[in-house]
Structures are given as structure tokens and as C-alpha cells.
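Chemist: Got a structure here, written out as C-alpha cells. Questions coming.
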2 protein chains.
Amino acid sequence: MAQTPPARLMDGRDLARRIVDTSSATAADLRRRTGTAPCLATVLVGDDPASATYVRMKRNRCEQAGIRSRHVALPASTTTDELVGTIAALSRDPEVHGILLQHPVGAHIDERAAFEAITPEKDVDGVTMRSFAAMGFGLPGFVSCTPGGILRLLDEYRVDLAGKHAVVVGRSPILGRPAGLLLLGRDATVTYCHSRTTGLSAITREADVLVAAVGRPRLITGADIKPGAVVVDAGYHPGNIGDVDFASARERASLITPVPGGVGPMTIAVLLAQTVEAATRQLGAD
Amino acid sequence: MAQTPPARLMDGRDLARRIVDTSSATAADLRRRTGTAPCLATVLVGDDPASATYVRMKRNRCEQAGIRSRHVALPASTTTDELVGTIAALSRDPEVHGILLQHPVGAHIDERAAFEAITPEKDVDGVTMRSFAAMGFGLPGFVSCTPGGILRLLDEYRVDLAGKHAVVVGRSPILGRPAGLLLLGRDATVTYCHSRTTGLSAITREADVLVAAVGRPRLITGADIKPGAVVVDAGYHPGNIGDVDFASARERASLITPVPGGVGPMTIAVLLAQTVEAATRQLGAD
């Protein structure tokens with residue numbers, strides 16, 4: 001059998017850096033013109049260490065890019081009403097341009113109610129129902145950051161999506177579902193697979209573009225991949241493991257995202273870009 | 001080759017009649033208890049004869065079920081602002097419980113803006129972004145009537161959806177897209193096909209449940225259907241032709257909707273049921 005060369009890597013770090021550089025320049029320009037820097041409010045409920053780390057990373061990146069951040073840390077005992085009240089106040093606050101509620105919040109909180117307290121103009125993380133529908137209908141609006149980052153990566157590597165079969169493994173409200181809708185908006189034929197899917201491997205082997213977004217370490221291996229496919233790994237597990245078994249997948253795919261350095265950096269880059277975009281609009285500087 | 005028996009029919013007329021009977025009884029009860037009958041406002045822009053016929057049918061069914069209807073006919077020259085103003089007034093009017101804007105409106109009108117003027121509590125046709133997202137997330141809310149009718153039919157005939165491969169051909173905002181999301185919410189593996197899909201027949205032949213919602217007469221024939229599949233035809237074309245070639249499809253499917261008498265009657269039944277539900281809630285009688 002002819003040996004195919006291993007897949008080319010889609011370098012999310014490099015593309016993310018360029019997006020952040022652009023956002024940073026726009027933020028500086030905005031500050032010069034309006035006297036105000038873009039500001040992202042981050043809301044963290046409880047004391048989950050992983051969530052705290054994610055929020056800290058996002059705030060650090062903001063700072064590096066000249067985006068202010070305002071952090072609101074709430075105790076684990078926070079009620080839905082209290083959280084909704086806090087977020088609604090941020091939605092009204094003219095000094096805040098974007099709002100990020102770190103997911104997940106405690107199980108006793110109605111997370112959907114909390115997300116919906118984010119006004120659409122400040123939904124830079126793309127979590128509200130309105131943003132979801134905008135992605136579903138191809139209307140202007142902020143996209144969920146990880147799916148948005150995936151699309152930007154595919155564009156950067158000139159992956160033609162029209163008429164291609166894209167298979168999304170995973171259907172979470174801020175990752176798998178919107179990713180599928182965005183791919184559908186680009187004229188891909190889209191299949192959603194998930195925990196209840198039977199015959200997963202037979203379906204993924206039909207994929208021209210495979211997006212693994214299911215949160216199970218190394219669920220997808222080379223044998224599940226059509227030769228020459230484009231593979232996007234949106235998973236992240238301890239030990240730098242993704243939802244895709246990189247070594248075997250790389251032997252089959254033509255293009256693949258590494259973990260780390262693939263989708264991960266893109267998520268924060270899109271968050272920053274959307275925060276700057278939100279600020280530009282809210283400051284009337286567009 | 002062993003001959004399989006022709007598919008059983010899914011009788012939308014019969015099920016729709018039972019749904020309308022229930023809605024009719026609830027409407028009568030509501031009138032008795034509150035002195036108010038449910039009221040659906042229908043809005044028609046321009047003078048397209050097919051649209052006028054659809055609206056008339058819907059109003060007649062309302063009347064038969066004891067649901068009042070209030071018809072607003074607007075000239076083809078209506079602007080987006082005028083249409084939005086009219087619908088916003090109906091959204092505020094306490095005597096109106098549901099609002100239906102007949103699609104399509106003229107090309108010069110921003111249809112999305114008009115749909116969004118419908119307050120979610122009165123969106124009994126399931127056309128707003130909020131209703132779309134609620135379908136996408138499996139949250140309470142009104143469903144788009146045709147997809148909702150399809151799900152009710154599948155339930156009536158005890159079609160098990162979990163883990164099954166459902167293929168939706170078509171991706172319109174009020175038919176194909178929400179149908180796929182509802183099927184995904186029922187744990188089906190869902191594939192969206194559309195005009196840009198390549199190799200359509202190979203994909204539809206994988207479907208355990210095939211929903212044709214593409215608006216092309218007899219696009220799907222028996223050869224495109226997996227033996228034993230469940231086939232739902234949401235198309236309707238002059239001469240009682242659907243998106244599925246009924247004669248050849250019936251030889252392959254195990255269950256199939258006829259045209260007419262399949263999906264069509266279900267659409268209106270769901271509209272009526274949702275109008276009564278909206279009125280019940282708005283009259284505080286739930």
C-alpha cells in the first residue's frame with residue numbers, strides 16, 4: 001500500500017497570535033480615538049480550580065492585548081437570582097463592553113437564565129439563545145468562541161466546505177451544536193454524532209471534515225478517519241490529550257489540529273476579537 | 001428477491017383531527033372559565049393567491065375549533081417599518097394570544113425583523129430566533145409547526161429515534177433546520193443535506209428516518225431509500241405531489257406519509273394547539 005505523508009498541522013497558535021495582534025491594534029486605536037479601552041467583564045461562580053485557571057488565562061490575554069477586564073468572583077452559594085442580577089447589572093453598565101460567564105456554574109443555578117441576562121450586544125462569548133439563532137440563520141452576531149475559532153482555522157488553511165461532508169462529534173450548546181450550524185451555513189453537508197449514536201466509526205469515516213468536540217479522551221483514532229480528511233480536535237484533557245488520538249490520526253488525515261496549539265488558542269483569540277468589536281460598536285466608533 | 005410489503009401509511013389527517021378536537025375542547029373550556037376565546041392574529045402582506053389560500057385555510061380551521069381569528073391584510077407596498085409596527089402592536093394587544101405572519105412577505109421587506117416583532121409568548125408559529133434556540137437547546141417554547149407536526153406523527157407511530165440515523169433533506173429556517181434540531185433533541189444522529197450536497201442518494205440510503213423538506217417535486221425516489229426506512233414527506237407541489245415519489249418510495253419504506261393527508265394537516269393542528277396553549281397561559285388559566 002502506498003504510504004501517505006502525515007497530515008500537515010493547522011497552527012492555531014500562529015493564527016491566534018495574528019488575530020490578537022490585530023485586536024490589540026484596534027483596541028489601542030479605539031483608546032486613542034475615544035479615550036476608552038475595551039472592557040471584558042468575567043464572572044466566575046464558586047472555586048473550581050480549572051475554571052479559575054481558564055478565567056485567569058483569558059484575563060491575562062486581555063491585558064496583553066490592551067483590553068481591560070473586570071472580574072466578578074461569586075461564592076459557590078450564589079443563587080440564580082443573584083447571578084442574574086449581577087449579569088443584568090453588567091449588561092446595563094456602559095463601562096463594560098463584553099461579558100463572559102465562565103461555564104459551568106453550580107448545578108443549583110439555572111445556567112440558561114444566567115446566560116440570557118447577557119445583553120446580545122455584549123455576548124462576546126456567543127452563549128445566548130439569540131446568538132445561537134443568529135449562527136443558525138447565518139445572521140450577524142457574535143459566534144460561540146470555539147466554533148468560531150474552528151471556522152477561522154479552516155478558512156486560514158483554505159479548506160473548502162461547500163458540498164463537503166462535515167461530521168461533528170458532540171452536541172453541546174456552545175460547541176458541537178453551533179459548530180454544526182456554522183458549517184451548515186458554509187454549505188457543508190453536516191452530520192451530528194453524539195453519545196447515543198450507533199456505528200460512530202462508520203459515520204466518521206465518511207467525513208471530509210471531522211470535528212471532535214465530545215469531551216472523551218482519544219475517542220477518535222486513525223481507523224475512524226477517512227484518508228485525506230481534515231481533522232479538528234476541540235477536546236482538551238489533562239496531559240495534553242485531545243478527543244483525537246493524534247499519532248494514529250495524523251497518518252490518515254491531510255490536515256489536523258494539534259493539542260495543544262490547535263483549537264485552544266483560537267477560542268481566546270475569538271473572544272478578544274469579539275470584545276474589541278463589541279466595544280467599537282458600543283463606543284460608536286465603527 | 002423477497003418482496004417486502006408496501007409501507008404502512010402515517011395518517012396525518014386522523015392524528016390532526018384528534019389534536020384539533022382536544023384543542024377545541026380546551027378552547028371551549030377556556031371560554032367557559034374566563035369568558036375569552038383564544039385568538040390568533042393572521043398577517044398577510046400582498047396578494048399572492050397561494051398565501052391567501054393558506055391563511056384562509058388556517059382561519060377556517062381556527063373557527064371550526066372555537067378559536068377566534070383576527071385578520072390583518074396589508075398591501076404589497078407595506079414597508080418593513082410598517083409591518084414591524086403592526087406586529088409589535090399585536091404583540092402588545094391583550095386580546096390577541098397568537099400571531100402568524102404568513103411567509104413569504106415581499107422581497108423588499110426584512111422578514112426577520114418582522115418575525116422578531118412577535119413576542120415569544122405569542123410565537124405560536126415558532127418562527128422567532130428565541131423559538132429556534134429553544135428547539136436547539138430542548139427548552140420549553142413553541143416549535144415551528146411543520147417540524148413539530150412531524151415529531152408528533154413519528155411519536156404517534158412509535159418510531160424510536162434514539163441512536164437512529166435521521167437525514168433531513170432541506171435546511172430552511174422554519175422547516176429543515178428546526179426539524180434537524182428537534183430530531184437531535186430526541187437523540188437521533190442527524191444529517192442535514194441540501195442543494196449543495198454531493199452524493200445525496202448515498203446519504204439518504206443511510207437514513208433510518210428520512211425527512212424530505214427541500215421543496216423539489218419527487219426529488220427522492222425509492223432508489224434513494226434504505227429498505228425499511230421511515231419516510232416523512234414535508235413537500236407539497238401542485239397536483240398533490242410531494243418531495244418524495246410516493247409510488248416507488250412506498251415499495252422500500254416501512255412507514256411513509258402520503259401527500260396529501262400526511263404532514264400537511266399536522267402543521268395546522270400544531271398551530272391550533274399552540275394557539276390554545278398560548279391563550280391558556282396568557283389568560284392565567286394554566
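Cβ from N, Cα, C; glycine included.
OK, TrEMBL features for this one:
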type	residues	note
BINDING	B:Gly170, B:Arg171, B:Ser172	NADP(+) binding site
DOMAIN	B:10-125	domain 'Tetrahydrofolate dehydrogenase/cyclohydrolase catalytic'
DOMAIN	B:144-282	domain 'Tetrahydrofolate dehydrogenase/cyclohydrolase NAD(P)-binding'
Chemist: Going by Cβ pairs closer than 8 Å, show me which of the binding-site residues B:Gly170, B:Arg171, B:Ser172 neighbour chain A.
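Modeler: From B:Gly170, B:Arg171, B:Ser172, flagged as close to A: B:Arg171.
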Chemist: Return the single residue from the binding-site residues list (B:Gly170, B:Ser172) that has the minimum number of other CB atoms within 10 Å.
Modeler: B:Ser172
Chemist: Sequence gap of 6 or more, Cβ distance under 8 Å: name the residues on the same chain that satisfy this around B:Arg171 (NADP(+) binding site), in order along the sequence.
Modeler: B:Arg177, B:Gly180, B:Tyr192, B:His194
Chemist: In the same chain, outside B:Gly170, B:Arg171, B:Ser172, whose C-beta lies within 8 angstroms of the Cβ mean position for the NADP(+) site?
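Modeler: Surrounding the site, in chain order, are B:Val168, B:Val169, B:Pro173, B:Leu175, B:Gly176, B:Arg177, B:Tyr192, B:His194, B:Ala213, B:Val214.
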Chemist: Kindly report the helix/strand/coil residue split of the domain 'Tetrahydrofolate dehydrogenase/cyclohydrolase catalytic' (B:10-125) according to DSSP, in that order.
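Modeler: Grouping H, G, I as helix and E, B as strand yields 61 helix, 18 strand, 37 coil.
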Chemist: Quick check on the domain 'Tetrahydrofolate dehydrogenase/cyclohydrolase NAD(P)-binding' (B:144-282): DSSP residue counts for helix, strand, coil, in that order please.
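Modeler: So the domain 'Tetrahydrofolate dehydrogenase/cyclohydrolase NAD(P)-binding' (B:144-282) is made up of 55 helix, 24 strand, 60 coil.
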